[in-house]
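Taken from TrEMBL as is:
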DOMAIN    29-495  domain 'Major facilitator superfamily (MFS) profile'
TRANSMEM  109-130  transmembrane segment
TRANSMEM  136-164  transmembrane segment
TRANSMEM  176-198  transmembrane segment
TRANSMEM  204-224  transmembrane segment
TRANSMEM  303-324  transmembrane segment
TRANSMEM  344-365  transmembrane segment
TRANSMEM  372-392  transmembrane segment
TRANSMEM  398-418  transmembrane segment
TRANSMEM  438-460  transmembrane segment
TRANSMEM  472-491  transmembrane segment
Amino acid sequence: MDGSGPVPPAPPLSQRSHRLQQHQIRALLLTFLAYSAFHASRKPPSIVKSVLAPDPPNSASSSAAGWHPFDGNRGPHRLGELDLAFLSAYSAGMYLSGHAADRLDLRRFLAGGMFGSCIATAAFGFAYWLDVHRLWFFVVIQVAGGFLQSIGWPCVVAVVTNWFGDSSRRGLIMGIWNSNTSVGNILGSVLASCVLNFGWGWSFMLPAFVIGLVGVLVFACLVPHPRDLALENMDCGVEMNVAMDSFAVHDDGLVDSLNGKNSFISDETALLQHGLTEGKSCRGTEGEEEPIGFFEAWRLPSVASYACCLFFSKLVAYTFLYWLPFYIRHTAVSGEHLTHRTSGILSTVFDIGGVLGGVSAGFISDWLCARAITSVMFLILSVPSLILYRMYGGISLYFNIGLMFLSGFFVNGPYSLITTAVSADLGTQGLIKGNSRALATITAIIDGTGSIGAALGPLLTGYISTWGWNNVFLMLILSNSLAVMCLTHIAKAEITSKKKQEVSSTIIDAESW
């Protein structure tokens, strides 16, 4: 557009739209694989816990002594401290990574985090062959791994929202996409468990290879933003034409849809209309967008509430992530203790439930147009599911599988929804005028705060489990109850808003008669 020559004619709209869809699918698949690999490389510590720590009494294992310094009565405490080291570094790194992701090349930054995580995961595994028994070595590796792993989430959420930021099915799309966490957990659990009998070091080497390989794909193929392919303006044009052909927007915030019925305009369509009436492009150029400040992001509506809610809900989710195989190994099912390998593979049932829970939460929140109400419903229902799993999970293997699936469904549902669709909603809300460079910062604030809870949960479990697992489940139930309290006022506001919409719709229908 510098005037040096004639502008080449634009390709037909259908061809441009097809090209956009191809790149959207590529971005979705690559980020899905990337974060699945991140979670797969986090899973080995939870799988090898039952090998590193002393075995339960009356077990027939030949490795009952454990691995120093995690053997003895304080073994679970040391393992909990390792989790704290990793997740504290992850939480602190999340704030820094989100700040950096809004300012750096997302492709290179994400690939660098994956290569670093590959090295950190492999280094932990090498301790097996090098016969390392120094606690400080494992702590240093976990701290380094936590910082490197924190790069992943702000980057992948920013990329996905760059490509799907204007979708009206954001909750469903994000819910399906966020199954990457559970898929990664399942993959990591299966890989680590299958080679555990050859030595626990191999449980780290395979996931390290996977994340390194996917990192190469990301570095070679990922396109972080439509603007990198000159697709951004075309994307805006398609979204605008569809929206404005479907709705006639009035000054009073109502729309006349093509079927002749009136309804309140959605937030995204309202922002779209506002951008059109002001004569602005839907995103603007990169030079016009300024990264949002850290404390400015905290002051945005609902950010602090959802961040605090995720603190408690992620505490529960990560306690299961890091301690469920250990719990299964140390809790008799049908009167017998399962093997290390069986315990690790069985724990994937929780993640399978989490996949369906995340997708269901996204679908329901889109259907209700209410993220907070959906989150609160899942959190409330998670309480009886946890109680039932603790009380009746040991009756038989079938009871254990069914109740574990139910717990994963309700525990991971709100966790998935908040870390994806809610973060994307808050990162593109009207107060920041759709500034895409604010998204990674807001995502990092929400998930970083949640990661503080994620660090606290496994640590407390390491200590509380020595007093009995009933106390651990009491902690989890209390945490989810506090998560509900954090969103109560937002859920009430959503209910009030829906009631007002119903009343207004009734009045409009009456006047039309």
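Yeah, the Cβs are placed from backbone N, Cα and C, and that goes for glycine too.
Heads up, TrEMBL stuff is auto-annotated, nobody curated it.
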Spatial neighbours of the transmembrane segment (136-164) far in sequence, C-beta under 8 Å, 6+ residues away: 23-24, 27-28, 31, 34-35, 38, 41-42, 45, 81-83, 85-94, 96-98, 101-102, 106, 109-110, 112-114, 116-117, 120-121, 123-124, 127, 170, 173-174, 177, 222, 224-226, 419-420, 423-424, 427-428, 436, 439-441, 443-444, 447-448, 451
Stretch-level contact, the transmembrane segment (438-460) and the transmembrane segment (303-324), CB cutoff 8 A, at least 3 pairs: yes
Folded-back contacts onto the transmembrane segment (303-324), same chain, C-beta under 8 angstroms, at least six residues removed: 42-43, 45-46, 49, 83, 87, 185, 297, 347, 350, 354, 375, 379, 382, 407-408, 411-412, 414-415, 418-419, 422-423, 426, 442, 445-447, 449-458, 461-462, 465, 472, 476, 479-480, 482-483, 486-487, 489-490
Chain residues outside the transmembrane segment (372-392) and at least six past its termini with a C-beta under 8 angstroms from it: 309, 313, 316, 357, 361, 364-365, 399-400, 403-404, 406-407, 409-411, 413-414, 417-418, 422, 469-470, 473, 476-477, 480-481, 483-484, 487-488, 490-491, 493-495
Range from 109-130, 176-198, 204-224 with most C-beta pairs under 8 A to the transmembrane segment (344-365): 176-198
Intrachain residues whose Cβ lies under 8 Å of the transmembrane segment (176-198), provided they are six or more past its termini: 28, 31-44, 46-48, 51, 160, 204-207, 210, 321, 325, 340-341, 344-345, 347-348, 351-352, 354-355, 358-359, 362, 408, 412, 416, 419-420
Residues of the parent chain within Cβ reach of the transmembrane segment (109-130), under 8 Å, 6 or more residues beyond its termini: 34, 37-38, 41, 44-45, 97, 100-101, 137-138, 141-142, 144-145, 148-152, 155-156, 159, 199-205, 207-209, 211-212, 214-216, 218-219, 222
Averaged pLDDT score, the domain 'Major facilitator superfamily (MFS) profile' (29-495): 80
